[in-house]
C-alpha cells in the first residue's frame, strides 16, 4: 500500500502541472470579517433563472441582534467582477424570554451558518450550538436550530426543540450539524447528540415547515416527519447524523438518506443508508480501522456513468504504513460503486501527506470537463506547503474513479492564529457563469476566505499529419534547390476544433512542425523544408469552431547522404499545436483550454530507401572473434596485451556498425596497432557509460555484406586485485538496424599468475679483524661493549624483485655464539628495517652489557658501499703467521637461532635485519687459540609462505646465504707513501701543459678584444639575400 501511495504521489506531481479546466490561475477570492470563520460552509444560490450567487457561512460573525455575541451569519456574494458579499437576514431578533429576566433561548455563540444548503430559491442555514431552556427545567440544552428562507420570508425550523429533553432524549441533539435537500422537496437534518449521542436523522417536507411555522410555538410537530429512533445503549456515542447526503440507492426514483456515524462499531465508524420513504435501514458500511473517523464526510454521485448513484466515504484519520514500516496518518476515501445486480464494489484511495486530513470534505463536481462522466473533489485541508491545504480533483470514467488526480488546487494563504483549513468546505456541480461547465467553491475558514474556481470551456481538437511518400529514395531527385536536384517529399497537416459550452466562433492556433525530431539538439537533421532550408516551420492557423478540416501542405527534402551517417533510423516528422488563449477569452475574462486527455502533438515517420531487398529492412549477420598470443599475465607487472579481433558481416548491410569492447577494471586501453599492414587501422575511442568502461570502434556505415575486418587492440593489464584469477574482455558488434543488430558476445580470458624473484644477501662489517688488538686489555667482568672486543655487524637484506608482491615470508638466522664453552660473537642487539618481526631462542645480551650509542653511519651502511670497500685482502698481502684457517659455524659451534616473519612486501621493496655483536676477544687471546686464523660464519635462509592473491597457487620459493667474518693473527698492511720525486714530476708536467694551451689560444686571437665601429661607413651593411635566395619564401 505504501508503494502504491508513493507511485500515486509521483503521478500527482506530474499531473498537477497539467492544469485541466478549473481556472486556478485567476480564481475569485472572497474575504469576510477576521475571526468570523467566513468560509466554514459554502454553497451556490439561484433564486431565479437569471441570477446566481454564492452562499458563505460565517458562524462566529457578530450580528445586529440585541444582546447576541457572535450569533453567526450567512452571506450572499456576487460571482462576477463585483465580488460584494451581503448578509442575509434570517433572524433579526435577540433572545426570546418566557418572562422578564427568564430567557427562553441563548443565541450567543450559536454558530449560525456552520451549515448551509440551498435548492432553487430556498436556503436552509443552521446553528447547531443554539441552546434553549426547556419549559420544565432551568437547564440549557444545545438542541440546535435552523432557518428556512424561501425568498420572501424566513421561518425557524428546530425539530430537536421538543418535549423529549435531557441527554437521553433530544436535549443535546445539535440539530443542523449536517443538512441537505432532496429532489423531492424535503430537508434532511443530522443531530449527532440525540439519545446519549447515538445521533439522529430527521427529515421534513419544505412546504410543511413553511406552513406550520408559528413564532409563538416553541415545539412544532410535523405530520410527515421521518426520523430515526433511539436504539439500545450499545449504540451510545456513535454520532449518527455527523455527516449527511442523499441519493437513490433503492432504485425507486426517491432519494434515500445517507449518514456518517464515525464513532459506531467501537470507533471503527459506519455509514448507514436509510430508505427515503420510511427511514428504514437499507445498508451499513463499516470501517476497517479504529479511530479513523470513517464517515466523517459522505458524498453521492454517479461517477462511472451507469445511472446508478455511487457513494464516497471519508476517513481523514486513517493510518497506513510508510516506506519505513511505521504507521502514518494519511487519510482515506472509500469509493462504493453501486452495481446493477445489487450491492457495491468498493475501492480505496489513500492520501499522500501525513496529517493532511485527506477526505475531510468530499464534493460532487458534476461533469467538469464534459467528457460524459461526473467528477469529484477531495480535500486535504492541512496538506501542502506550510499546511495551507490542498484540494484534489478526480475524474470519473467507465471503470470508476481515475485514481490519479487531474488537478491539485493549492491554498495560497498563510496561517494566522490557526491553520488556513483550505478545503474544509467544498461545493460544486453548479454552473455559476452559465458557460456550460460546473464550477467549484472552496472554503478556508481559518483565514476567513472563500474561493470560486470557474471551469474553463474545453476545446477538442482533431489533428492530422501526413507524409508522402514514406519511403525516401536518395537517388530519386525530383525537386530543385538552388539548381541542385534533391530527393523530396510532402508534409500535410490539418486541424479541426470543436467543443461544448460558450466558445468563440474562430479559434487561433500556432502550429509547429519539426523534421527529424528524434535527433538531439546540435545533431545534423537529415531533412529540411524546401522553402526555408530549415528543419522547423511555424504557422498560425485560424479554425472555425465546428467547421471542416483546415489543411496545408509543405515540401521537404532529404540532405545528401555524404552529410550524415544515420541512414537507418526513421525520420520523425513532429507536429505540435497551441491555442492562442488571448484571442479566445470571453467577456468575463475566462480562457478556454484544450482537452488535456488528447495529446496536443503527433508524429509520423519516413524511412530512407536502403539496399536491403524488397522490404527495405536490412538484416545483417554480425560475428566477432578474438585471439591473443599471450596466455598468462603476471600480477604486479605492467603487462602489455594485444587482442587480434576479427569482425564480419555475412548478411545485409549493417548501419552505424561499431565494435564494443568492455574493458575490465584491471586493464587500460593503449591504442590500435598501426604498424602492421595486415591489420585494419580502426578509429576507436574510450568511453565510460554508467561506470562501464568500453572501447568503441567504427566498423563502417554501412558495414557492407561480406565485410571482414582484422584489427589489433593494445591494452595494459596492471591493476589486479587480490581476488582476481583472470582478466576477461567482452566484445560485441552493434548496429542501428531494427533487426539482428547485435552479434553474439565473444570474450577473451587470460589467466593471472604469480611470479616473485626473492633474494637474500648479507654482509659483514668489517669482514676482517686482525689480532692482537693494540692497547686492549681483557676484563674479567666486562661492563661496556669495548670491554668485550671490536664491533662486528652482520646485515641481512631480503629483497623482492617482483613482479608480484608476497604477504608472508619466514626467515631463519643461525648465529655462532659459542665453541667449546668459549664465547665467539656476543650479540648486543638486533634491529629491523621494514615489515619484519623477529624472535630468538636465547636471551640477547644476557650480561646486560651497556650498549653504546651507534655512530651516525653505522646502521645505514649500504650493501653497495660494503661491496666496494677494499676488505678483501689476499694472503700474499698479509704478513700472517702460518696456520690453517678454522671455520666456526653451526656445523661445529653452538648457534643462536633467530626466526623472523616478514610481512607484505611489494616489488622493489626490502626488509633488513641488523645484527650488532662484539668479538669476544678473550677467547682468541688464550694461548691455545693464538696464532690461528678463524672464519666465523652466520647463515640465513627464507621460505615464501603466503601471497596476497587468495585464489592463485604458487611454487615453493626459498634460498639461503652465509656471511663470514675472518679473524686473522698477523700485521695489518699499511698503505705505502708516494715518493717525493713522483709528486715533483707531476707538478712540472701540469705547468708545461698549461703553457702550451695559453700559446695556442693566443695564436688564435682569443685574447684580442673586438670593438664596435666608430663611424657610420664602418658599419657592416645588411645584405637582403645574405641568408637565402629571396624573401618571398620567408
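FYI, residue positions are counted from 1 along the chain as it appears here.
A Cβ is built for glycine as well, from the same backbone N, Cα and C atoms used for every other residue.
According to Swiss-Prot, the N-linked glycosylation site annotation covers 62 (among others). Under DSSP, residue 62 (N-linked glycosylation site) is assigned to coil, being neither helix nor strand in the three-state scheme. Here the Cβ of residue 62 (N-linked glycosylation site) has 16 other Cβ atoms within 10 Å, regardless of which shown protein chain they belong to.
Annotated repeat 'FG-GAP 2' per Swiss-Prot: 97-158, in sequence order, evidence recorded as sequence analysis. In the predicted model, the repeat 'FG-GAP 2' (97-158) shows an average pLDDT of 93.
Under the heading N-linked glycosylation site, Swiss-Prot lists 278 (among others). Over all protein chains present, the Cβ of residue 278 (N-linked glycosylation site) has 7 other Cβ atoms lying within 10 Å.
If you look up Swiss-Prot, you'll see 284 (among others) marked as N-linked glycosylation site, on the strength of sequence analysis. Under a cutoff of 8 A between CB atoms, and with a sequence separation of 6+ in the same chain, the neighbours of residue 284 (N-linked glycosylation site) are 270, 271, 272, 273. In the three-state DSSP classification, residue 284 (N-linked glycosylation site) falls within a strand.
What Swiss-Prot lists as repeat 'FG-GAP 6' is 346-403, and the listing cites sequence analysis.
Within its own chain, residue 369 (Ca(2+) 3 binding site) has 20, 21, 375, 395, 406, 437, 455, 458, 595, 597 as residues 6 or more apart in sequence whose C-beta sits under 8 angstroms from its own. Classification of residue 369 (Ca(2+) 3 binding site) by DSSP places it in coil, neither helical nor stranded. Look at Swiss-Prot and you will find 367, 369, 371, 373, 375 tagged as Ca(2+) 3 binding site, backed by similarity to another entry.
Per Swiss-Prot, the feature N-linked glycosylation site maps to 540 (among others). Taking the Cβ of residue 540 (N-linked glycosylation site) as reference, residues of its chain lying under 8 Å away and at least six apart in sequence are, in sequence order, 508, 509, 510, 511, 580.
Listed in sequence order, the residues of the same chain lying 6 or more apart from residue 690 (N-linked glycosylation site) and placing their CB within less than 8 Å of its CB: none are present. Look at Swiss-Prot and you will find 690 (among others) tagged as N-linked glycosylation site.
Look at Swiss-Prot and you will find 821 (among others) tagged as N-linked glycosylation site, backed by sequence analysis. Counting every protein chain shown, the number of other Cβ atoms lying within 10 Å of the Cβ of residue 821 (N-linked glycosylation site) is 7.
All protein chains shown were included, and the count of other CB atoms within 10 Å of the CB of residue 837 (N-linked glycosylation site) stands at 10. The feature N-linked glycosylation site is assigned by Swiss-Prot to 837 (among others).
The N-linked glycosylation site annotation in Swiss-Prot covers 860 (among others) and is backed by sequence analysis.
According to Swiss-Prot, the N-linked glycosylation site annotation covers 931 (among others), on the basis of sequence analysis. In the structure as shown, the Cβ atom of residue 931 (N-linked glycosylation site) sits within 10 Å of 13 other Cβ atoms.
Neighbour list (residue 951 (N-linked glycosylation site), Cβ cut-off 8 Å, at least 6 residues apart, same chain): 723, 724, 725. Summarising the annotation, Swiss-Prot assigns N-linked glycosylation site to 951 (among others).
Per Swiss-Prot, the feature N-linked glycosylation site maps to 959 (among others). Listed in sequence order, the residues of the same chain lying 6 or more apart from residue 959 (N-linked glycosylation site) and placing their CB within less than 8 Å of its CB are 758, 759, 760, 941, 942.
In the three-state DSSP scheme, residue 966 (N-linked glycosylation site) is classed as strand. Among the features that Swiss-Prot reports, N-linked glycosylation site is placed at 966 (among others), with the record citing sequence analysis.
Those residues of the chain, other than 367, 369, 371, 373, 375, with a C-beta within 8 angstroms of the mean position of the Ca(2+) 3 site C-beta atoms are 366, 368, 370, 372, 374, 395, 396. Within 10 Å of the C-beta of residue 375 (Ca(2+) 3 binding site) we count 30 further C-beta atoms, all protein chains included. Distances between the Cα of residue 371 (Ca(2+) 3 binding site) and those of the glycosylation sites 821, 837, 931, 966 are shortest for 837. Taking each of the binding-site residues 367, 371 in turn and counting other Cβ atoms within 10 Å of its Cβ gives the largest count for 367. Break the repeat 'FG-GAP 2' (97-158) down by DSSP state and the numbers are 0 helix, 32 strand, 30 coil. For residue 367 (Ca(2+) 3 binding site), the nearest of the glycosylation sites 62, 278, 837, 931, 966 in terms of C-alpha separation is 278. If you take the Cα of residue 62 (N-linked glycosylation site) and the Cα of residue 278 (N-linked glycosylation site), they are about 40 angstrom apart, rounded to a whole number. Mapped onto DSSP helix, strand and coil, the repeat 'FG-GAP 6' (346-403) counts 3 helix, 27 strand, 28 coil. Spacing of residue 278 (N-linked glycosylation site) relative to residue 931 (N-linked glycosylation site) is 141 Å (Cα to Cα, whole number). Around the Cβ of residue 373 (Ca(2+) 3 binding site), 19 further Cβ atoms fall within 10 Å across all displayed protein chains. The separation of residue 821 (N-linked glycosylation site) from residue 373 (Ca(2+) 3 binding site), Cα to Cα, is 115 Å.
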